[in-house]
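Features as listed in Swiss-Prot:
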type	residues	note
TRANSMEM	12-32	transmembrane segment
DOMAIN	19-216	domain 'ABC transmembrane type-1'
TRANSMEM	57-77	transmembrane segment
TRANSMEM	96-116	transmembrane segment
TRANSMEM	163-183	transmembrane segment
TRANSMEM	204-224	transmembrane segment
């Protein structure tokens, strides 16, 4: 098949219309998933078995099954139950958009909860004991000592999870959501030019995730001033040392 720059450009422009919907799914599902993940992480570190076990089961279930299966269960499976169809949540569950968002949020919550748990457990026990010795209450200790350090530790893993969620929005096309991949599938059915269309879609996802990665790099730069200072001071010292040598 001959190379056709005009077709590639037209395809790229057509796929751009799917970006807002893809970003909506990614942003809202990550936000909802983060809230749920925080609760799950607290349950995991609570040292109370009746809180820890349900959180463990939830995380195991959603990490151990494919996201596509979860989307199908929510969109196709729940509608099989009459009680669900007559409940107040049915107006949402019969809409593919909300089903996709729910599946994405529930899935990312399981992964993010473990990232948060690792961040919470990374805070040195000595600092916690010192804060208690200074008379800090549990809430103040958590807010002033634990949370700031946990955020910095979990940020690299969390950024990877956000990037994965941006890519995972492509699975929403399997339940008729016309985001980037959904529009790509429609264009392929009309033109039969699979390679060109999916190459354009892949380029758009690559650009989006590059932007997300850079935003998290800037956030890490802002939250980790000692790394910034080390980077600014290390190079001049090394060059000076080489001159004296």
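For all residues, glycine too, the Cβ spot is worked out from N, Cα and C.
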For this session: With pairs restricted to those 6 or more apart in sequence, evaluate whether the transmembrane segment (96-116) and the transmembrane segment (12-32) have 3+ C-beta pairs under 8 Å.
Result: yes
Exercise. Do we see three or more Cβ pairs under 8 Å linking the transmembrane segment (57-77) and the transmembrane segment (12-32), pairs being at least 6 apart in sequence?
Worked result: no
